[in-house]
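A.B. asks: Handing you a structure now.
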Amino acid sequence: SLSPLPTASPPPLQSSPLPTLADLAIPCHAAGRPRAPFRRKVPTSPTASPESRRGLRLSDGRHGSSLPCCPGRPRYGLSILGFVRRRRRLCDRVRARRVRAGAEMKGVSAIPAVAIIPSPLFLWRVKVILFLLWGLCCCKIGWDSVMRMSVDLRDLFLYEAFLYYNPLLLVALMIWLWGVNLWVFAQSSVNYAKVFDLSQTHLSHREIWRCATWLTLVVPTSMTAYLYLYSHGEVSLAASQPVLLYAILLMILLSPFDMFYLSSRFFFLRTMWRIALPLQAITFPDFFMADIFTSMSKVFSDLERSGCRMVHRQVATIAWFEADSICGSHSVAIPLVLVLPYLCRFFQCLRQYKDTKEKTCLLNALKYSTAVPVIFLSALKYHVFPDVWISFYRPLWLISSVVNSLYSFYWDIKRDWDLSILTRIFMFKNPSAWSNLLYGRSWVC
């Protein structure tokens, strides 16, 4: 009889121990690093554990712990910190997958946040397009409003609107050009902050241009509203437009709160106070800003006439055009405001001569004094008879104007501009000469 073949009994099942913290940690070295010293080699056998089949055990030798060595993976070790980092990364990946899956279910593609941010060039083009559209809208509304007015009052009304908004537009243009100056100084490596005694928080040319942009937007918008409301019969609302504009700008300038560049506004107001009362030593910002004010004397005159009409409630009327009006061209305040910047600069030169004893300061003071006869002789036109003005005062006014113009032209070319320094700048490409041009001895007086 055939005996049954012997069957191989299955090997006894070995109970595997529960996983420990060492088994959960990511094993060991980064590729390319030398391995740590091995504690021992374990011979392989069919019943050996997977760790033993690898034939290697890594041990730190001090704490008695071991990890299987697997080249090519970063080592976190047995520390709790490594385990926490691994779990945190896994949670972040799972959360990102859930967010991406939710976006795909809703039909929205998961786009990175960096790709959504537009480029600065694109934003600049959008701003330019919006600015041009705004300008076209203001021109169209203003033109239609002017065409609705009667022909006999159109010229007078346009002159009045021009008087209210022209000085503010010129101020905006001055701020734009001041930003251009700062940009040129920065490109030429001129330390203008030290020259003008500016603080570390001074405005850059970009911030100056931002202020000029807002002023350029606000003033024409108010002027368009003024023309539109007046042409449609809303005289009281039209009269409130320039009043609100001037009041808001004055409140922003004098605001004591920490907004709208408080330090720069305080520096400007303090410099204006030093210009009005030159009782202390004259600094570079004092006479530099005073020189700017002498070029803007007509702006100050228009501001005085605009303020006078607002105070006496003559906005959006033609009462100012009457001969007995206190805000007309024959007002005594007009020549006083015109001559005020020249007088401030004149006293600055005298103060500078007292401190330095340089005769150049007296010659510069003489230049500013030649503007006084021109201003007051031109104001006499509204206070004397026409025959007397033509026969006597007009020739004096012409002579004083020629003397003032020639003297100022000579002083600008010879002393202020200093053609030798300009030649070095543009012909020999010497940027360091800008500092001498800004802070030279001819500018001190």
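Heads up, the Cβ atoms here are built off N, Cα and C, so glycines get one too.
Note that this is a predicted model, so its numbers are computed, not measured.
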A.B. asks: Which stretch, out of 207-231, 382-406, is listed as transmembrane segment by TrEMBL?
C.D. replies: 207-231
A.B. asks: Taking the transmembrane segment (122-143) as the reference, which of 163-186, 207-231, 243-262 gives the largest number of Cβ pairs under 8 angstroms?
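C.D. replies: Between the candidates 163-186, 207-231, 243-262, the best contact partner of the transmembrane segment (122-143) is 207-231.
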A.B. asks: Mind checking which residues reach the transmembrane segment (243-262)? Cβ under 8 Å, same chain, six or more beyond either end.
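C.D. replies: Hits for the transmembrane segment (243-262): 168, 203, 207, 211, 218-219, 222, 268-269, 306-307, 310, 315.
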A.B. asks: Kindly state the mean pLDDT of the domain 'EXS' (325-445) in the predicted structure.
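C.D. replies: Value for the domain 'EXS' (325-445), mean pLDDT as a whole number: 80.
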